[in-house]
Amino acid sequence: MRITLLFRSADICVLNLKKVLKYPQRTYLYRNHSIMSKAVKFLSQEEAINIDRDLFNDYQFTIDQLMELAGLSVATAIAKTYPLEEMKKKGTVLVICGPGNNGGDGLVCARHLKIFGYLPSVFYPRPPRELLFEKLSIQCREMDIPFLSFLPLTRLIDESYNLVVDALFGFSFRPPVRTEFRDCMEKLKVLSIPICSVDIPSGWDVEKGDENGIKPEFLISLTAPKMCATNFKGKHHWLGGRFVPSSLAEKYELCLPPYPGTDCCVKLPLVP
């Protein structure tokens, strides 16, 4: 089976059809009018780790640079999908952050959402001791973003917030979920309000997904979609992080879609 998704773009990328047919679950095909032009690649866990390594080692990006770009992309995509003027409950958003880099993306997202006029709160059950994460937390607190000492009951979350940003686990995650996060995951599974997952729906296998896991309405893939995104059944799939050098994209045959104007995120068609 070949999954075909359409974009309109004059930006042409050479497409190796043999590879598309060999790995149909790992690509989106899209075309410029009638000319087949691009295939957005879905990354394995190993490929995602290798790309991050290259960004750090070969291109000399720093972790805080990438985190800032990623978090801004997440906040921007949320603002485009859930405009503040259409929100009830005064624009409240709950951002749940994990102990790794995905949690750092969540902190940056919370800060930018506050700048955009939303009212984010953060639940950060196990903050790491690294200075970077301490600074990100201080930035949020200095902007009067409240940090919750515990995760409320599901009913109270549904009543108090418009949506939840799931920034618990990223592409380095390997099942099962550790005991200390299981209560949080169980609450996410039964929420009525939309869940916005950052890069990977938390608890999912990065390549296989998890049909019994959380079911986000919104997913923003960072750098490039991961293989588990082929199992995403929500309403909104975005790609964020307009920072990938063209030579790196060519090396891994990412064939990323063009970003509109000066935007830092682009909406992807959903898998049929």
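Positions of Cβ are set from backbone N, Cα and C atoms, glycine also.
Annotations in TrEMBL come from automatic prediction, not curation.
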Same-site K(+) binder from D166, D183, D210, given that TrEMBL records N102, S202: D166
Among D144, D199 - the residue TrEMBL places in the same (6S)-NADPHX site as N101, N102, G103, G104, D105, G170, F171, S172, F173, R174, P175, P176: D199
Within 10 angstroms of S202 (K(+) binding site), Cα basis - binding-site residues out of N101, G103, D105, F173: F173
Between G103 ((6S)-NADPHX binding site) and D166 (K(+) binding site), the C-alpha gap once rounded to whole angstrom: 9
In three-state DSSP terms, the structure that D166 (K(+) binding site) belongs to: strand
D166 (K(+) binding site) CB neighbourhood, other CB atoms within 10 A: 30
